[in-house]
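Feature annotation from Swiss-Prot assigns active site, proton donor to His37; the stated evidence is sequence analysis. The ATP binding site annotation in Swiss-Prot covers 30-37, 149-152, 186-189 and is backed by sequence analysis. According to Swiss-Prot, the feature (R)-pantoate binding site maps to Gln61, Gln155, an assignment based on sequence analysis. Positions annotated as beta-alanine binding site by Swiss-Prot, on the basis of sequence analysis: Gln61.
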Amino acid sequence: MLIIETLPLLRQQIRRLRMEGKRVALVPTMGNLHDGHMKLVDEAKAHADVVVVSIFVNPMQFDRPEDLARYPRTLQEDCEKLNKRKVDLVFAPSVKEIYPNGTETHTYVDVPGLSTMLEGASRPGHFRGVSTIVSKLFNLVQPDIACFGEKDFQQLALIRKMVADMGFDIEIVGVPIMRAKDGLALSSRNGYLTAEQRKIAPGLYKVLSSIADKLQAGERDLDEIIAIAGQELNEKGFRSDDIQIRDADTLLEVSENSKRAVILVAAWLGDARLIDNKLVELA
């Protein structure tokens, strides 16, 4: 496995792979890798000859400096996991390598609408940071496919739209959420939970599933469903942050024409803001 930290060396390797006619898959990450990331890697390996994993804690997508400062940097452990998975290339640049003149004056990519609604409304600038770094990685790695987790549902929708709008010739593969046995979605943020909070955390998925059951049973008073779910989260020890039921294909309000809904839940548990989602077919 090759570990690359600079843009010139990355470009050199990508040119070589292209000359050899290799099909390249990209898995963009911020490191602190867990089994959910390994599922993305496995999916990438199934679709391509060569897998490139990027590890970069992107300052542009953090709306709170304290979150950026405390985000775990575990490059050595991450590379050991990726080596066992037989990843071909790890791109782990410094912030200076990606943003040589800082982030304030750096050219950015914005996806209107999707970047400021829902999760974007509570995290100003977050999705602009995501779309900027992902577009830069697409330009550098020139992958044939790129794999993203469905846990970050809005992010996946945003990337798909950016790819369509910008004309990137890249197949975007969404990989289903990987869960612990008790239902908790795997996430780097779970590492912020205390042992006691970890016992409470599966309650998020239980509330999510309860909403899904109501929708599948034909209930359509969404305001009431959301209000009850928020109360249930608070009773379980969470601080409910945002609960949305949206059209899964547009992320707009559910309408009579909606065929699928996505339930999007965000809640604080101690210092960890946990997110999860679930798709529901509407009869």
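Heads up, the Cβ atoms here are built off N, Cα and C, so glycines get one too.
Sequence features annotated in Swiss-Prot and their locations in the structure.
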residue	record	DSSP (3 states)
Met30	ATP binding site	coil
Gly36	ATP binding site	helix
Gln61	(R)-pantoate binding site	helix
Gly149	ATP binding site	strand
Gln155	(R)-pantoate binding site	helix
Ser188	ATP binding site	helix
Just the number: how many Å between the Cα atoms of His34 (ATP binding site) and Gln155 ((R)-pantoate binding site)? 19
Could you give the Cα-Cα distance between His37 (active site, proton donor) and Gly149 (ATP binding site), in whole Å? 8
Same-chain residues at least 6 apart in sequence with Cβ under 8 Å of the Cβ of Gln61 ((R)-pantoate binding site), in sequence order, are Gly125, His126, Phe127, Arg128, Gly129, Val130, Ile133
By Cβ count within 10 Å, point out the most packed of the recorded positions listed: His34, His37, Lys151. His37
